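> Below is a structure I'd like to ask you about.
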């Protein structure tokens, strides 16, 4: 991977005689070439350039002296030694072995998960005791004094928990248990049955209701302040012995009254809102004839069985009854808190397996799920179900991001539905409270912006602010879900947004954060077994460790290649085989891309070697000789090269002959000429930079970018590696990712700019004159350095948005090739997140990323 170091060949102005550096008098002087030998010197004398080492990593100070006898000598340039020595790698890989039975278990899990996806219908979820109690209230439509759905009443009688409550036994949430228990004891009392259960429920209520005061407001279920006080009033009329004067009960009643006072009467009937979800708590104020006009197509009121049951008992509406029969046909003797959940289930299931890094096993299933979602996509947004009339930002943002990345035509304008006049984003129309999970999903969505999508930039700014504040407020977690580690998810998303979140690192992180027993909060607590389950997690762990073991074998082979090529003798360059291999392993990690990873790593290593050679080590004459040797592919020129350059060329010649032969087998045609041409263009860019340095020439910003986007060498790595992505690449396809393509140019541009923003200060301190920042300041001498840096960041961010569009829309290029280009751009954003992550990898987070990706198995 071409992660360019600071250029050292341009540190002394032509014509300079001396550079006095008394502060570094005790440092060692190391000779360096000076191309214009007689420039600015007295007749018969030559200038010699020296480099002195100062304090800190790779800190170099230049000085010039006159020497009438000696010719200029080559630089002895040193870098921090490589961290990943063989003994370090061996110490991390020897303790973990992948069991032979794991592969069979992986196959079994893949088959079981495929069946889960294929069986997706309207959404699978757990019983809601609260909603079942409301459905059980309905009297028989034939006029008999029996329940219309006796099986639901029986379910209540049979499903009381040992502590006297109703709800999910594995997770105690006081809000949820108290609400469900109150609903059940009222229903049993109305039907004059289950006296023992009622008494046990009352005792639970008395002893546990006070615990609500200790729970965070964010754990209060949706509509609790509407339905709970209404049911308490009903319980009081029924004569149930409950602690009606508890402080928290008074507070909830006050919240209800305040909310209803803020509610304009006309809005309840003007358009569908979340109030339709809680109509059972608004019975004293609802005009039932008006409310029927807002009924969903499926007969429900916002997919809520409880709300729909309340409307039916008031109106006798046949569509309400049809909906309730439809739900009970699915679940038998109980109902969930809302149904259907078809869009929610599919989107979150796809998102889950993608984040866990196992999506490659389920391509057909993902396509089927997304085709289904897209068929119900609405430009005003979507909700959790296909016929839900109230869109929410959570499902909409998740859908926008995933559908866009999978090539579906969706517009970011859909987010405008959820923005208020103050520029803030909300989950539902008319709602002011937000949750961490929905804002997290909007934030993730905002990073897949296209050029000119200001709504995405606004969403990014708004949600980043909200999420950073939420990290400081424990009570902010969370309104819509009780997740294993939502805080960890937020921290990861803010630190590693889309453009520097590599698939393998995200999988590693999400495996740790993912909760197979996570629950969501609607009107009651509910689970989604096709979203949160042990099978996803087990497969993710087994698959991660299996792939990691393959990567370790590949890395050992590549390290042997480095040694056998004689590159350990090259003291002027960086040995970073492991860090470079980490790059393709972090995104093209699948077993079938083993050759692609090897070619990517070898090519990238040569871009580093030759960058260091052209940047600071070889004379212009030697560099011209090397370039000619590559152009002519002529071994006879090797004898004229210095020893270290011979090693470079022989390794280069042998390696790319081997790569070309393998490419011929893969592509069915000779590719050596193609590879040589790719390298000729690369070496021309290196040579131009060397010439600029020798002449102390500072190009314009545009001139600099034109060359630097090539010299960054990402294009060279990608164009050669693309031959090994498993696709037969025609000339037409190659042209779409070739040097002239906008896709490749954007990759090089963003890579160059992120490099410069993090290294220009250090390079300037070493005497470097050309960087994006410095060249822009030359064009605009009136601006400050801070303004120039801001401009460079703006150019880069706009280019990343354009890169998103190229990645998504460039469908004439095979998926694997698109990934190769796009992910190479993203890995640069990661490597240069905090500085020079290649040269100083041992001092940056890259060291931990390498360890987690390649060596540390997941438990």
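FYI, residue positions are counted from 1 along the chain as it appears here.
The backbone N, Cα and C atoms fix where each Cβ goes, and this holds for glycine too.
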> According to Swiss-Prot, which stretch among 392-395, 396-399, 400-403 corresponds to the feature motif 'DXDD motif'?
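That would be 392-395, the stretch labelled motif 'DXDD motif' in Swiss-Prot.
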> Can you say which of 601-605, 606-610, 611-615 is given as motif 'DDXXD motif' in Swiss-Prot?
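Going through 601-605, 606-610, 611-615 one by one, Swiss-Prot flags 611-615 as motif 'DDXXD motif'.
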> Taking helix as H, G and I and strand as E and B in DSSP, count the residues of the motif 'DDXXD motif' (611-615) in helix, strand and coil.
5 helix, 0 strand, 0 coil
> Please work out the number of neighbouring Cβ atoms within 10 Å of the Cβ of residue 611 (Mg(2+) 2 binding site), leaving out its own Cβ.
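Taking all protein chains shown, residue 611 (Mg(2+) 2 binding site) has 24 Cβ neighbours within 10 Å.
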> Could you check which of the binding-site residues 259, 615, 759, 763 is the closest Cα neighbour of residue 394 (Mg(2+) 4 binding site)?
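Result for residue 394 (Mg(2+) 4 binding site): the nearest of the binding-site residues is 259.
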> Within 10 Å of the Cβ of residue 755 (Mg(2+) 3 binding site), how many other Cβ atoms are there?
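There are 26 such Cβ atoms around residue 755 (Mg(2+) 3 binding site).
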> To the nearest Å, how far is the Cα of residue 763 (Mg(2+) 3 binding site) from the Cα of residue 615 (Mg(2+) 2 binding site)?
12
> Could you find out if DSSP has residue 763 (Mg(2+) 3 binding site) as helix, strand or coil?
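Going by the DSSP assignment, residue 763 (Mg(2+) 3 binding site) falls within a helical segment, counted as helix.
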> Could you state the whole-number distance in Å separating the C-alpha atoms of residue 615 (Mg(2+) 2 binding site) and residue 392 (Mg(2+) 4 binding site)?
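About 54 Å separates the two Cα atoms.
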> If you draw a 10 Å sphere around the Cβ of residue 394 (Mg(2+) 4 binding site), how many other Cβ atoms fall inside it, taking every protein chain shown into account?
28
